[in-house]
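According to Swiss-Prot, the features are:
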REPEAT    8-49  repeat 'WD 1'
REPEAT    51-91  repeat 'WD 2'
REPEAT    93-135  repeat 'WD 3'
REPEAT    147-186  repeat 'WD 4'
REPEAT    196-238  repeat 'WD 5'
REPEAT    294-333  repeat 'WD 6'
Amino acid sequence: MRPFKLMGHERSLTQVKYNQEGDLLFSVAKDSSASVWFASNGERLGTFEGHMGTIWSIDVDSNTHYAVTGSADLTIKLWLVETGECVYTYEMPTPVRRVVFSPDNSKLLSVTDQVMGQVGTISVFDVNNEEPKNQSSKPSLVIPTRDGAKKVTIAGWSAGGKYIIAGHEDGLVSKYDGATGEFIDSVQAHGIHNEEKIHLVTDIQFAPEDKSYFITSSKDKCSCLIDVETLEIMKVYKADAPMNTAAITPLKDFVILGGGQEARNVTTTAESQGKFEARFYHKIFIDEIGRVKGHFGPLNTIAVHPDGTGYASGGEDGFIRLHSFDKSYYDFEYDAERTERAIAAGTT
């Protein structure tokens, strides 16, 4: 599994994201430009220039027509992927931590920070796909932080945009109606599996096949697999370092976790000391089955290729590593899985 090492950012990576076809990889970092790469060979296709601060998040619509970025400069920018032109800028009251297109590309979700006396909010904007330069600056839906709840740190859409799933600073995961913003339910997903004091939810990524469940990561060194409809915690994956990101793989029943000790807490730069590896767990049996080294700092973001043929990781070290899975990855099976497959083959 020899990766491409992509060097295009001057500072730590904050998010990497594949387009739906998987031929392009988008990346943002604590510098002020976004990059677009060919996923097949790691060649840089171009950049989106215009932000004045850290870009925390990026997303691309299902047609690879528009990309959107959210920044610490208090703006969200809408870009034409083909030309790199910024066609619209949304002015926000506080830094933007997350931006996500709805599954049908008709809406844009953002998570803004709870700073400068402002209440952290989830805002939803209607996207004018026909006239990209004529967007509404006012959100069609605003979900403020609930009374008694900690601020939202991450959010995303369930299948069909039916629900908005949000992660909070205290390890809570909440579910809201995607159309009305009405609060439906919540579950304490983190801060209950060990004695860790910091429970902040750092990532939410949905199952690639149907978005009927999702995975979280947290500073409490755990990751949870949660059902969208019931918010049942189905699986818990325990690591030995704070986790910044987690993803679910298609094709194989695996999940990938990434994180590591923060640089100021590590006495040497050795990756084993800081636990700077991507960790692979079996999705069903929850065992850790392998690690991939390479970064010289915590992994901040992981995205799995839509075809399940590889993954990309972005680190605190400023590098993106683009991995393609080899034969041993596809061949790995537990005895129980092999037996089940053999029985199924014998009955068809």
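Yeah, the Cβs are placed from backbone N, Cα and C, and that goes for glycine too.
Spatially, the repeat 'WD 3' (93-135) is not adjacent to the repeat 'WD 1' (8-49); fewer than three Cβ-Cβ distances between them are under 8 Å for residues at least 6 apart in sequence. Residues of the same chain lying 6 or more positions beyond the ends of the repeat 'WD 2' (51-91) and with a Cβ under 8 Å from any Cβ of it are 11, 14-15, 17, 19-21, 24, 26-34, 36, 97-101, 103-105, 108, 110-111, 125, 127, 129, 132-133, 135, 137. Sequence-distant contacts of the repeat 'WD 4' (147-186) (same chain, at least 6 residues past either end, Cβ-Cβ under 8 Å): 97-98, 100, 102-104, 106-107, 109, 111, 113-114, 120-122, 124, 141, 192, 199-206, 210-212, 214, 216, 218, 220, 224, 226, 228, 231.
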